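**Student:** The structure follows.
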Amino acid sequence: MRLQENVKEKYRRMDSDVSVFHDSFQENGNINKSSSSYVIACAIFASLNSVLLGYDVGVMSGAILFIQEDLKITEVQEEVFVGILSIISLFGSLAGGKTSDAIGRKWTMALASIIFQSGAGIMAMATSFTVLMMGRLLAGIGIGFGVMIAPVYIAEIAPSVTRGSLTSFPEIFTNFGILLGYISNYALSGLPAHINWRIMLAVGILPSVLIGGALFVIPESPRWLVMQNRIDEARTVLLKTNENSSEVEEKLADIQEAAKFMNQGKSEERAVWREMLNPTPGVRRMLITGCGIQIFQQITGIDATVYYSPTIFKNAGIQGNTQLLAATVAVGFTKTMFILIAIILIDKAGRKPLLYVSTIGMTICLLTLGLTLSTMGNSVFGIALAVVCVCGNVAFFSVGIGPICWVVSSEIFPLKLRAQASAIGAVGSRVSSGVIAMSFLSVSHAITVGGTFMVFAAVSALSVAFVHKYVPETKGKSLEQIEMLFQNDTYWEGGEVELEDVKHLIQNK
């Protein structure tokens with residue numbers, strides 16, 4: 001009975017918060033320009049680690065051709081080298097949740113950058129496969145930290161009305177990094193094989209200068225500051241990122257209440273990991289949604305497409321390293337352009353409509369690519385259609401499940417679970433990515449490249465059903481409101497859930 005009263009009170013408070021925010025938004029038209037610019041700057045700086053990840057993914061697709069020639073590595077070693085980055089990053093992601101709760105979101109991003117840069121430097125100077133792998137392992141740990149903390153930080157600092165767009169920044173910067181990697185491949189491919197790949201990898205170290213400077217610009221997450229009982233500092237950050245003081249006090253009260261429930265959980269000795277291993281129905285739904293969308297993002301084969309695009313185009317009939325790398329530049333350019341479209345649409349069209357467009361479009365492109373590679377190889381039309389399908393696949397990925405995966409997984413978990421649960425989701429993403437990257441060449445030999453992409457098409461079709469059943473619309477809602485939705489049993493029984501149900505629940509109560 002007491003729990004029901006608490007839930008009712010939460011919904012009443014949510015209704016009040018929505019009304020206040022709506023009135024304020026209507027009156028002002030949008031977020032104050034100075035606060036908006038500050039939040040955008042914070043999101044950009046927080047996303048710089050993603051450039052490093054994207055650059056590594058993009059540049060490795062071409063660099064591996066020259067590494068193979070210079071160091072004489074085998075095809076199995078090539079698969080292990082490419083895929084191990086994602087597998088080993090799970091250790092960084094697992095440690096990242098606890099680390100970010102201990103030292104803060106901001107300094108966890110700094111740690112990620114330092115570790116990744118160390119690994120990149122070792123790889124650039126490697127003289128053997130063993131040394132190359134040492135650098136790769138170190139870089140993977142750094143990436144594990146980076147991929148889980150940036151979306152969490154941005155989600156915690158951004159206003160509700162722009163959270164979707166801003167939380168997609170890491171994916172945008174990842175795509176930008178991939179494009180830079182492809183361009184680096186093409187520009188440096190004419191150098192001797194024992195030099196060009198080293199320069200390609202070394203160029204990825206340059207963003208560290210900007211990341212170091214960013215630490216003096218971006219603030220700590222206000223939600224983390226509240227967790228540390230640093231209320232005045234949290235208020236200062238919220239004043240910089242929101243338009244008026246009354247809204248700040250309401251947001252601060254919401255965050256403090258969420259932190260209070262976290263402390264109550266501690267008093268009941270329910271540790272965070274224990275709660276996730278033995279979850280309530282609401283937390284179980286969050287985990288299924290957050291981890292599921294992370295896994296589907298990868299097992300539809302996007303990393304295989306990006307890492308092995310030269311192999312795909314060679315199978316289609318394109319010959320010569322320069323021509324292969326030129327075709328990959330078109331892929332990188334497409335991927336980057338469509339992620340920019342996503343940032344415009346994500347807070348207007350909403351998460352779920354874009355996910356439908358994305359997963360259905362990817363399914364069609366992957367199936368067409370598989371059929372093309374299986375039946376039209378080495379023909380001019382087959383080559384053109386293969387390039388169109390690969391570009392179409394990355395375009396649909398970038399406009400939907402690519403960025404929205406990180407948006408959804410960073411905003412659905414409650415404060416006390418957010419960092420750790422996001423870490424679990426990132427682990428699922430990295431392991432899935434690693435398995436796909438490390439098995440692509442072997443599976444392609446067994447069932448052909450075309451057959452492999454038909455399998456990816458079938459998995460992509462399953463992702464459409466997953467989006468329909470498990471992913472709610474979270475556009476324009478506060479993190480605390482989204483948390484309350486997942487805790488309500490009634491509105492998950494019909495299979496598909498919409499956050500508009502919260503409004504009806506409030507009215508009924």
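Every residue, even glycine, has its Cβ placed from backbone N, Cα and C.
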**Student:** Between the candidate ranges 167-187, 293-313, where does TrEMBL place the transmembrane segment annotation?
**Tutor:** 167-187
**Student:** Please indicate, using numbers and ranges, the residues of the same chain that are 6 or more beyond the transmembrane segment (167-187) and have a C-beta under 8 Å from a C-beta there.
**Tutor:** 43-44, 46-63, 147, 150-151, 154-155, 158, 200, 203-204, 306, 322, 325-326, 328-329, 331-333, 335-336, 339-340, 342-343, 346, 398, 402-407, 410-411
**Student:** Please indicate, using numbers and ranges, the residues of the same chain that are 6 or more beyond the transmembrane segment (137-155) and have a C-beta under 8 Å from a C-beta there.
**Tutor:** 42-43, 46-47, 49-50, 52-53, 56, 84-97, 99-100, 105-106, 108-109, 111-120, 122-123, 163, 166-167, 169-170, 221, 406-407, 409-411, 418-419, 422-423, 425-427, 429-430, 479
**Student:** With an 8 Å cut-off on Cβ pairs and a sequence gap of 6 or more, do the transmembrane segment (353-374) and the transmembrane segment (447-467) reach 3 or more such pairs?
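**Tutor:** Answer yes, regions in contact.
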